[in-house]
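*Asks:* According to TrEMBL, the protein carries these features:
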- 45-68: transmembrane segment (TRANSMEM)
- 67-128: domain 'Homeobox' (DOMAIN)
- 69-129: DNA-binding region (DNA_BIND)
- 131-332: domain 'TLC' (DOMAIN)
- 140-160: transmembrane segment (TRANSMEM)
- 180-198: transmembrane segment (TRANSMEM)
- 210-228: transmembrane segment (TRANSMEM)
- 264-284: transmembrane segment (TRANSMEM)
- 304-324: transmembrane segment (TRANSMEM)
- 339-380: region 'Disordered' (REGION)
- 344-353: compositional bias 'Acidic residues' (COMPBIAS)
Amino acid sequence: MLQTLYDYFWWERLWLPVNLTWADLEDRDGRVYAKASDLYITLPLALLFLIIRYFFELYVATPLAALLNVKEKTRLRAPLNPTLEHFYLTSGKQPKQAEVELLSRQSGLSGRQVERWFRRRRNQDRPSLLKKFREASWRFTFYLIAFIAGMAVIVDKPWFYDMRKVWEGYPIQSMIPSQYWYYMIELSFYWSLLFSIASDVKRKDFKEQIIHHVATIILISFSWFASYVRAGTLIMALHDSSDYLLESAKMFNYAGWKNTCNNIFIVFAIVFIITRLVILPFWILHCTLVYPLELYPAFFGYYFFNFMMGVLQLLHIFWAYLILRMAHKFITGKLVEDERSDREETESSEGEEAAAGGGAKSRPLANGHPILNNNHRKID
């Protein structure tokens, strides 16, 4: 049974054009071709990335945060209350008015004291400013290095300037070491992001981020299996071109450098729109949809690859909407913040804390800073 599934999964007609077999892609005469077994190394490399990230955040990002004067807001902790804690963990973090009244009777606190307890308890669970800064620093460092390395891999290749050459000789296209390591490192990094997503800063587009990471891993892996390596390197470098800008804007935002953050964000928005909504659909997707059909009939791999590219493009449109909405608020002089961020709630006043059962409604802030707060993505 398992052998049958294995044979069907690796059936040439799923992965390769008609009249070609895996035997045609065996290494010979000093020419090396992409193989599925090459990707086994990405899982231990992903774990290595997590270890490197730990030490980077501890010995590089943390001192950098101190240098840039990244300051954490003082958070008042919710006092120990078993009744409210049980409700918080089992029923919800934002009780309705009827539930507040019931909890008030059960705990012996006033309604306002119950609401204040839940505000403080929610704030306790929110990631600290230092955690956000360290995460952004790590991603900025990787994306910047990956973009520079990616450009070094493809800038001297003829298919970088003439996309018809992406398919010249396909699929019998030998691989060079720089392409191999570019793929292995990119795929390992996205595995590491997927492994750490539960502990990373969660935002409102959490589900979209999971879809993005999974789609990216599938696309990178499939493009390697099906020898779409040339197209894959172009797509990965294209995505890296804007990601490091977003992460650097977030770093300056957490450091309180408002003008620098806003200026970098505008540059990021321009680069994102050009690369993700213009170059990707009208050059790259055109290259993967149209040119292959001039050489061979469509097969499963052709449809699957372009379907996954379509999934990524829909995510880009979703994120472009959020980016343009923030850019509009910035240009019109309104308060700008990351549309995906989870805003922190603040206490109304010191006077309220001293008064028993009194107080006004809290007003949301975003860690004291007016813009940005996150991440994105690639074959992102």
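Placement of Cβ uses the backbone N, Cα and C atoms for every residue, glycine included.
Locate each feature and note its surroundings.
*Replies:* If you average pLDDT over the domain 'Homeobox' (67-128) in this model, you get 85.
When Cβ-Cβ distances below 8 Å are used as the criterion, the transmembrane segment (180-198) is approached by residues 34, 38-39, 41-43, 45-50, 53, 142, 146, 149-150, 153, 209-210, 213-214, 216-217, 220-221, 224, 229, 232-233, 236, 378 of the same chain, each at least six residues removed from its ends.
Counting same-chain residues at least six beyond the ends of the transmembrane segment (210-228), those with a Cβ under 8 angstroms from any Cβ of the stretch are 15-16, 25, 33-34, 36, 38-39, 170-173, 183, 186-187, 190-191, 193-194, 197, 235-236, 288, 301, 304-305, 308-309, 311-312, 315, 376-380.
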